[in-house]
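Here's the structure we're looking at; comments come further down.
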Amino acid sequence: MQRRIMGIETEFGVTCTFHGHRRLSPDEVARYLFRRVVSWGRSSNVFLQNGARLYLDVGSHPEYATAECDSLIQLINHDRAGELVLEDLLVDAEQRLSDEGIGGDIYLFKNNTDSAGNSYGCHENYLVVRAGEFSRISDVLLPFLVTRQLICGAGKVLQTPKAATFCLSQRAEHIWEGVSSATTRSRPIINTRDEPHADAEKYRRLHVIVGDSNMSEMTTLLKVGSAALVLEMIEAGVVFRDFALDNPIRAIREASHDPTGRRPVRLAGGRQASALDIQREYHARAVEHMTNRRPDPEMDMVVDLWGRMLDAVERDDFSKVDTEVDWVIKRKLFQRYQDKYSMELSDPKIAQLDLAFHDIKRGRGVFDVLSRKGLVTRATTDEAIATAVNEPPQTTRAKLRGDFISAAQKAGRDFTVDWVHLKLNDQAQRTVLCKDPFRSVDERVDRLIASM
């Protein structure tokens, strides 16, 4: 499948610093964030005019799920649009707090761990063809996903009793299974809960919950693009070397603790391979595969950055990727800071910097400051992201949902939507079932909108 439906769900960390004596719990702060949403949507779980879903997840984490996208840049635009939507809620909530005499600064972090060691996720969704055994996909995909953090981890400082160490991934410490149907209880790498939000006879939805939330657009491009390409190769029957892991959970932690990519991980049957070896194999197959598929400038960018990143790891020279890959950008920032102020990695100021890197408020968040200084390579533009805040992707089912929501809100009509249903809550209770996520035009939806 060369045109694939993809989406990203991001949970955001919330904290608030108060100016006066009055204090609020994270739950209460999250409710302030969603007060405006509840006022028009009558719920803290809503779909927006751009086709996305916005809701308050368990544990007071706001979650933004992008609409269905069928290209990488489109997906990046809609993922970044989520940051703007949340930032808008943040500004509104701070004003409400101020109006009620509770002075405070709200912080929203696009990261995966808080100071108490809790983890929240960034989930990727890929539509895959149902043909063949699911185990074929998971067998090839698992070693790739376990080692993918080498090319697209967000990076973090891990405080251990002995010392602080720089790790590749924020999420790796919190993954407890390889393949499972649960997401919160056991945190697997691939989630098999089969809710395709499409024709279940044709498709399944692959739910990957192992990835880090990325700040860099280029890192998101690489994270999602490389996974989509591996899925495409699996569907095309490309043969890969067997890298079945002896213990995926131990391997994911070992890989995270090794920015050199050279430490061997145990494979099934007692063999060994490093994260770099494993990624090299998948990249080599991707380079080969690109010569046999239709041209795609986005995928060319993915394969190029993937190769440059592996070269950088191998040579221990990151100068050609240090504006593109999150963990490299972050580590360089820490090193500059340590050199300038003669401090250890374990210094609390580094931990603060680690957190501030993921602050989504423009002008305050460290990543945004780096971006404004031209120290970060972009994959898209501010204009395209701003457009995605209000407009759904024009090439997928999201357009039907977004257009329906816009029309119903304009007409003041009561409605209910989910990923596949559009319903007018009138006497007739007219409902349209949209099973095909690739379809952006539907006469039934046009008739429903016209009837308003």
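From the backbone N, Cα and C atoms, a Cβ is placed for every residue, glycine too.
Keep in mind it's a predicted model, so treat the numbers as computed, not measured.
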Per Swiss-Prot, member of TRP327, TRP419 binding ATP alongside ARG53, THR66: TRP419
For ARG53 (ATP binding site), the number of other Cβ atoms found within 10 Å of its own Cβ: 19
Within 10 angstroms of GLU9 (Mg(2+) binding site), Cα basis - recorded positions out of ARG53, ASP57, THR66, TRP419: ARG53, THR66
Fewest other C-beta atoms within 10 angstroms, as judged across TYR55, TRP419, which are the binding-site residues: TYR55
Residues near ASP57 (active site, proton acceptor) in space but at least six apart in sequence (CB under 8 A): GLU11, GLU63, TYR120
Local Cβ density at GLU63 (Mg(2+) binding site) - other Cβ atoms counted within 10 Å: 20
Residue, out of the binding-site residues GLU9, THR66, whose Cβ gathers the largest set of other Cβ atoms within 10 Å: THR66
Farthest-apart CA atoms of ARG53, THR66, TRP419, residues recorded for ATP, distance in Å: 11
Cα-to-Cα gap, TYR55 (Mg(2+) binding site) vs THR66 (ATP binding site), nearest whole Å: 12
